[in-house]
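According to Swiss-Prot, the protein has these features:
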- 27-1376: topological domain 'Extracellular' (TOPO_DOM)
- 52: N-linked glycosylation site (CARBOHYD)
- 97: N-linked glycosylation site (CARBOHYD)
- 201: N-linked glycosylation site (CARBOHYD)
- 419: N-linked glycosylation site (CARBOHYD)
- 559: N-linked glycosylation site (CARBOHYD)
- 662: N-linked glycosylation site (CARBOHYD)
- 768: N-linked glycosylation site (CARBOHYD)
- 821: N-linked glycosylation site (CARBOHYD)
- 851: N-linked glycosylation site (CARBOHYD)
- 1064: N-linked glycosylation site (CARBOHYD)
- 1084: N-linked glycosylation site (CARBOHYD)
- 1145-1259: domain 'Cadherin 11' (DOMAIN)
- 1175: N-linked glycosylation site (CARBOHYD)
- 1426-1446: region 'Disordered' (REGION)
- 1601-1623: region 'Disordered' (REGION)
- 1745-1766: region 'Disordered' (REGION)
- 1928-1955: region 'Disordered' (REGION)
């Protein structure tokens, strides 16, 4: 005590002195310190370019005064670089100093921050403090981005898929830069609209604006556009959009031509508005029965040619070629006759065609690229087989009549009718050709070739106009047409063309004006004048209508048809009046074409004339008559009228001198008097007079007669023109001569047309009779022609005449000399003498008078040869030497010419090749004259001895230089019989198996000869020595097989040793074969074979070497003597090593798994290969997976198959992905390893598409790998690296809700994984990728689907469709409201949780503080402990209640019972106040309860008049002390218990058993004769809750028995101890209590029930309603019994019946319901502490039957800390019954730690302990071992009920047996402790809790000893058998409670303070 006092005194003194020192210095230490909190540095921010004087810091807040009369601090700036900062020390302000400069954060200044130190000097104490000020310069967006280049350029192929990045030129430093910082300096790229190139921004896009990578947005087409100008805008990312700065550049994108178009046949005529060519058909015609040599190549019109439409593919070397072929054709046997060259498209005839069998061939030709492009072009080829030309052409009509409008333009087609509706069709056929085929005739016009022409193709020909025609000039054209087929001509056919009139002429009056006189006596209707206008047109165009326009004044009218002007009706002429009439003459053409003219008629009115002459009706008469008209025909009736009625006499006054016409004098009838001849006179103008006999009574009329022609004359040739003509050959269109014929007929009858009667193909004649050559004539073919010229008139029935002309063809020098052979080849032997003639050449010239001469054209050979100029003889100028020519074939090729000396044509040329024949100049020459060799005497046949060699000097490659060998068997016959030489190699070998004598020498003559002419040879001698057998080494074995050699063996590694022996010979070893690659070497001396080169098992697995051993003498002689003995074979096997690691087929595997996949679903299969063999190629796969939640491994892999499967469920994990590695290790997992990455993405049907095809699922499943590769390719066109994964293959589902299945079709469900995002590609995107390429995919699928197989559609899965339908049924408004509500709820839930948790924590802390304060205030003062006195008869009266007596309700019944026991134990010698210190250690919160019970009545009611609190109370298990109501308080219940409440307890105990009565008597001693009983319900039905007492009561045994009897009478369901009895409580309803209320009531109920049971009887059976468990007897009980449950069995709430017999172990076996509702009534022994056997799980806890604890031999060590607790299960009241026995099914779990030395603990969470639990966790429990049966013990059979929340007690047993049982159980049972929860409430603040628990455990042991010692006598009296079991030896009663409590107090003396 003194030491403590001293320490406390020293500590207090130090504290006081330090405080005084601090107070003294505090006022000065604060100066220079910051008056603010927070970080020591001052950080401010300022914008760049801020103005000078900007305040940086308005107050530094440094303590102290820097100005004034008495400053305490001094401020200054340090480290002020460039003096950017100024300071006002008085105001402690900092300013920006930017005088003459600008604060710029950007380059080149790069001022990002300014750091200065404010130095503060404390003037009082002299200390210096530096305060750092950091000025951060904020960036302003004052700089615009700048591009590194003015423009950028990119090229992209037109075949580039959409989505491809085509330009990355802005990456790095190549793009735009902005020297601003942060967002102001970050660049975004966007594409702007380019008005000059509007499509550029639609074609390209920048999806990632920060990178600027340009991506193709639309497909390109080189044929549409080849260049784009894309405007790229770069802008910074300033937060204010209005402040962003931009700049632009232009990216020029050139589109490269790609191979996207196929070939195209030429000529191509495009279909309008498309790029497609019209169908093209090529034409060809071949005559029948012609040989291929005559026709090949066949001429096709137009020539077959195809070009690639992609004409600008770069580089040109990549441009594909065109391949031509005949695809199909009819007839089917066309391949017999035709072949098309694949490169040139040249059509060839294979064999003659007979037209009787084949009239035509229709072929389809194909042009395709030679690179396999899938777009070929097709065209037709029509081949006509022509008949043999033995028939002349003919016309289908004898003549043709055509019509043409005279106004028709040039090129108009002649019509066949007057209405001009259809053209004139001229059909010419050839009998050699079918009528339906074009005979390809040439049609010629014999006349008017300058006016008309005829089309030259087709069966039907048409005449067209070459120049305008005029009907008025020539009304008809008549000519003939002749058809010519190349050999024969047709008969000419006459064509008559009539020119139809057009209104091209205007009516014309003869005079412009007329003067006429009229008389006053003329009457209306009298004629004034008849006007006549003339119009040369015909028909209505020539019909004239007359009209008076003006001037008539209504007095005159005109006849519209005749033009006769008469006096109008009712008009009288007035003398002197004059009229000027304007008369119009107009034709009757359509109004738009009508023509007219006018004239003026002047009329004067005169007085009347009474003697007027006769008058004709008209003054002019016109008529036409044919010259063939008969004589006497009436032509005209001329009738004149005389006003006076006088007779009139008619006469022809003029115009008919020949008297051709007759005129009747009286009648005026004009008739024909003579025959007409139009050729002599074609017009007559007759003047006819009419006279009445008076002199002035004569008038005249004019008759105009035109004589029309008839064809009565044939054309007549001019006899004076020459008929012998000549023409020069080789001139086309050369003038030959002219003929002329005349026809006196008029019109067409007199028009003469010329034509040729023959040779129309060679000559032509014009319309004027000029004859020209139609083609070039060749005199050499024909030099004379008789040409027939035909002259025909143009009548309908024409007349014609002929003329024969003699035409001679004149020769010109138009042919060159032609050699008889174009090539001459001559073989000349070398060394022929000069002047030898070696060749005669000849040439001919077909021209007349030609003189041919010869000469050598090649000057380089003129020194070898001479050519005679006239004879053509070729001779040598010198001899030729074959060896002088460098080529293998010595030849000279040159040109010779033949020319006409007097001609002008170029010379003829021929090629002469002179081949020099080698004449074998040199013989072979041996390299040696004598060769030596050695041979073994027993050498076998074929043993090589030596090799001879000869060389020939003749040029190599010629027969003269080929050297061969043979043996000369003439000189040495015997050696020649046993030896031979190989003909080509010269190797001398044995011919037979030798058996010769050693040392024999043979001579062999070898001859070398060549194959030249003549054959030349030479010889050499070979000396062969037969060796002695002893001189030939001999191998010890014929074959050597060394151990296998590792392929990793290094160079020099020994393989094996070979050994040979010889007599007195040094042996040399060598490898003679099998070592071509020099892989092995051999030591020539030792015979060690070693590795000389790299080995590779994978390349070669074994070698066979042939080794030879020779003597050194033989080797030095450069010889070898092979024999049977000195050669051997070495077989070397190569051993494979693990030198190649496994290699995966892919470096990156992509797979997917559906989120509803089951466990161990296959995901994908990986495969690795290894070049090694055997075990080294056997893989073992394993996965390296990063940690997954809850320690699960998501995937597993089959070790030897590589099949990856799922190892977990993936519910609700869509869009998750897993990345891990798969390792393949060869040699079954012990060798080298390779790895690959695996990506598995979790998907569901929202990511999938269904590909529906019309093939069965079985077929798709067989081809699924190939089909998946095709789908991969198309998806990867859009997303590189993407992988298509097949989810399922099944029958097609269709119909409503997809309920029908069609197994003839297939549903292929797929999805795709994007390796960039590691997730599934959006379902809609996948649909676009596949549906857009559906046609191409079908083409690729065709080889696998078969004929007709294809994809029908791509649709969404049925699950997605149903979701869509449900989603569509929800309106947009409702959906939006729901979404809004959902968002609000999500936002509110966290806030509510935060509030609840905060409030909960606040209430917990508040309750703990309140409880702690109350406990500390209520604890009495402690007194020293004294030994316990002997028991007394009755307890002394209790003292007055302390101030804390109201804690009774707050601490609860369990605390009261516990403290009451300690109160009674200590009343003998020590008062409660004296034991306060010890009780404070044992249970600090129980002192108030003890004092409260000191003032209690004997019946248990409190003497305090204070109202008992109904406030909420707290157990240690509670997390919220305000969460439960005090169950001991009930309103309107008396303070003192009455007997009326006894009936409420009769349901729970059975005190009438003998054991219970005996026990109750023994327990009623002098100290206490009353038992206290509390009852509390846990989750009871409402019916039973009324019977549960709410207040603590004290009743005696008789009251209890009476209450029980009453309950029995009411049949309240007391359960007997018989197993299997029914319990009425099982049918009751369950009360609605919260879990916490259930737990709290259960805790109280268990404590009360256990006390009552123990007070009634410790050896009787007692049964309560309880959960359904299986029970059996426990083995010998140790301190703890492990209770371990199966995974499906909750081991917390359990009860077991313990019999003290080894045959019934107590185990747990139950499945529990939601709630626990046990009802427990236990008698409570007031004289005994039964609480040491209790543990208190928080929610549910099974109990085991504990035994009384033995006294501890030594203080126990601290028990292990509890592990975390499991959540409690629920217990249903319907699972309760009295426990039947059953064998244990599971090991017992380890109970939680308890403070009692001996207990049967429970598993599961503990209930609140009476003392604090251990705060530290338990170590891992040892493995559980089943408990074997213990040794037999004579225990009394006692049944105990284990009730939830408590531990059952049982009868005491002898200490020896207890000890033995403990020992046995501890050695045979390994107990496992279930985790406990951490301490709650005030126990969390208890320090040294482990030591405290240890001390309390010792204290309980001492208390138990004292109790047993005082009650053993009574127990022996009342229950001897029990007393025997309850004896305890005196050795166990060691130790003192006071000592234990004192030691505990020293260890935790400050616990109350801490609390």
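Quick reminder: no glycine exception, Cβ is built from N, Cα and C everywhere.
Here the features listed in Swiss-Prot are placed on the structure.
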residue: 52; record: N-linked glycosylation site; DSSP (3 states): coil
residue: 201; record: N-linked glycosylation site; DSSP (3 states): helix
residue: 419; record: N-linked glycosylation site; DSSP (3 states): coil
residue: 559; record: N-linked glycosylation site; DSSP (3 states): coil
residue: 662; record: N-linked glycosylation site; DSSP (3 states): strand
residue: 768; record: N-linked glycosylation site; DSSP (3 states): coil
residue: 821; record: N-linked glycosylation site; DSSP (3 states): coil
residue: 851; record: N-linked glycosylation site; DSSP (3 states): coil
residue: 1064; record: N-linked glycosylation site; DSSP (3 states): coil
residue: 1084; record: N-linked glycosylation site; DSSP (3 states): coil
Looking only at the glycosylation sites 97, 419, 662, 851, residue 768 (N-linked glycosylation site) has its closest CA neighbour at 419
Taking Cα atoms as reference points, rank the glycosylation sites 52, 419, 662, 821, 851 by distance from residue 1175 (N-linked glycosylation site) and give the first. 821
Mean pLDDT across the topological domain 'Extracellular' (27-1376) comes out at 88
What Cα-Cα separation, expressed in whole Å, is found between residue 821 (N-linked glycosylation site) and residue 851 (N-linked glycosylation site)? 19
Residues with Cβ closer than 8 Å to the Cβ of residue 851 (N-linked glycosylation site), same chain and 6+ apart in sequence? 900, 901, 902
Would you mind splitting the domain 'Cadherin 11' (1145-1259) into helix, strand and coil residue counts from DSSP? 17 helix, 50 strand, 48 coil
I need the most crowded of these glycosylation sites: 52, 201, 419, 559, 1175. Count other C-beta atoms within 10 angstroms of each C-beta and give me the top one. 201
My understanding is the cutoff is Cβ-Cβ under 8 Å with a sequence separation of 6 or more in the same chain; which residues meet that for residue 1064 (N-linked glycosylation site)? 1030
Counting across all protein chains present, how many other Cβ atoms fall within 10 Å of the Cβ of residue 768 (N-linked glycosylation site)? 12
Between residue 97 (N-linked glycosylation site) and residue 52 (N-linked glycosylation site), what C-alpha distance do you get in Å? 6
Of 52, 662, 1084, which is closest to residue 419 (N-linked glycosylation site) if I measure between C-alpha atoms? They're all glycosylation sites. 662
Looking at the glycosylation sites listed here (201, 559, 662), whose Cα lies nearest to that of residue 1084 (N-linked glycosylation site)? 201
Position of peak Cβ density within 10 Å, selected from the glycosylation sites 97, 821: 97
Residues that sit under 8 angstroms from residue 662 (N-linked glycosylation site) by C-beta distance, when 6+ apart in the chain: 670, 671, 672, 673
Within 10 Å of the Cβ of residue 1084 (N-linked glycosylation site), how many other Cβ atoms can be counted across all chains shown? 15
Express the distance between the Cα positions of residue 559 (N-linked glycosylation site) and residue 52 (N-linked glycosylation site) as a whole number of Å. 117
If one measures from the C-alpha of residue 52 (N-linked glycosylation site) to the C-alpha of residue 201 (N-linked glycosylation site), what distance in angstrom results, rounded to a whole number? 47
